[in-house]
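Feature annotations, courtesy of TrEMBL:
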TRANSMEM  29-48  transmembrane segment
TRANSMEM  54-73  transmembrane segment
TRANSMEM  85-107  transmembrane segment
TRANSMEM  165-185  transmembrane segment
TRANSMEM  249-277  transmembrane segment
TRANSMEM  289-307  transmembrane segment
TRANSMEM  319-338  transmembrane segment
TRANSMEM  378-400  transmembrane segment
TRANSMEM  406-429  transmembrane segment
Amino acid sequence: VDGAGGVLTRRAAAPSTDLTPHCSLAQSLWALFTSSLAISLVFATIPFCRDVEVLASVMALAGLAMGCIDTVANMQLVRIYQKDSAVFLQVLHFFVGFGALLSPLIADPFLSEANCLPANSTANATSVFHASRVLGRQHPEAQPRSNRTLPGLPSQDGAGTRVSYAFWIMALINLPVPLAVLHLLSKERLLACCPQRRPLLLSADELTLETQPPEKEDASSLSPKFHPGHEDLFSCCQRKNFRGVPSSFFAIHITAALVLFMTDGLTGAYSAFVYSYAVEKPLSVGHKVAGYLPSLFWGFITLGRLISIPVSSRVKPATMVFINVVGVVATFLVLLVFSHNVVFLFVGTASLGLSLSSTFPSMLAYTEDVLQYRGCATTVLVTGAGIGEMVLQMLVGSIFQAQGSYSFLVCGVIFGGLAFTFYILLLFFHRMHPGLSSGPTRDKALGMESLESYQR
């Protein structure tokens, strides 16, 4: 969020008589500030929750705030950098994966080593309890003391108190983010106590654009219907923006969202159930060894996003998405063939993490480029990915419990195949979609639009 908020200053740095971009910047920064502050408050509040309904409400608020940050950060990066946004999106999502990898390491010293199951539980109940905990179901052999009230803090070893410290530390670590956004609001004179005394200085690049005379002949190549970027934070919800658009415009939104529905859903489902799959037959991996699999998966997702930063500047987003989707299908097929081999499980987990790592930012950059930065791709894609991560975890978990561990890999092959199918449909709708031709003419058109916005 801090990195995404920092780049928001480019569009509003130039003095302008058009207040629309300035208002959009204010809306985005206030949304980032409110959401990031809410996350710190949620983490500080979680240890005091003693009732399941209260905890669910608090976690719902955290999810709402995280979804807002995800949408605003991606949308602003695409809006500001447009054709160059692929690299910045890869950087943003690298830090998302890095945070997901780092936060368990921060919390680990404060977790209790004691068994959370009752004393009369069987050895096999551990894996069942893990699956039921993800699905939110209760099993008699793994059920805690109450299905309504969370257990109190143990007085013997203070384990509950140590877990509370983990949440409070995470709240403190996140607190500089809303403070940084608040500083950016102050710097941009968007606070009531900081009126605009004088325009902010132009950067070197913007000063060059400001003093460079425009090329008259290139401006004529810009289509009158081409308006890159959203005029306002909520402009994509306005009905007037959909008048006269071809059917392929909506088809591209839908198919791209379905690709991310599958890939992000697989990311959530695999990280949630790979442990349960490993400890079940036929692999029967030890609990401690199986516990490394989710960390390995997220570690290679983070590594893949780091590698994608320089790669995205040389490889087209469409090519990267194709490689990612094919890699997902191929990895699940290999895991299915060698389902009795523990080594292949670890290698496949690493390969799957690499394949899924850059799918979202590459798909977002590709879709926005196809739609000439005038659609609602960012909002639709973030929504589709979030729904997929929620729905596929429930679906895979239900099938896993009903049909056994082998169905876990079968689901991966099916959903990976669907992601590949939807991507082929996306390429087909891209060829149908009427738009500016790719190449130097379109690049010059994009440059002229940026120059005009700076001159305003």
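Quick reminder: no glycine exception, Cβ is built from N, Cα and C everywhere.
Within the chain carrying the transmembrane segment (249-277), a Cβ under 8 angstroms from the stretch's Cβ atoms is held by residues 127, 130-131, 134, 242, 283, 290-291, 293-294, 297-298, 301, 321, 324-325, 328, 349, 352, 356, 359-360, 363, 366-367, 370-371, 375-377, 380-381, 383-393, 395-397, 400, 405, 408-409, 411-412, 415-416, 418-419, 422-423, 425-426, 429-430, 432-433, all 6 or more beyond its ends. Beyond its flanks by at least six residues, the transmembrane segment (85-107) meets 3-4, 7, 73-74, 77-78, 163, 166, 169-170, 173, 295, 298-299, 301-302, 305-306, 308-309, 312-313, 317, 357-358, 360-362, 364-365, 368 of its own chain at Cβ-Cβ distances under 8 Å. Only residues 6 or more beyond the boundaries of the transmembrane segment (319-338), in the same chain, are considered here, and those with a CB under 8 A from a CB of the stretch are 259, 263, 266, 308, 311-312, 344-345, 348, 351-352, 354-359, 362-363, 366, 409-410, 412-413, 416-417, 419-420, 423.
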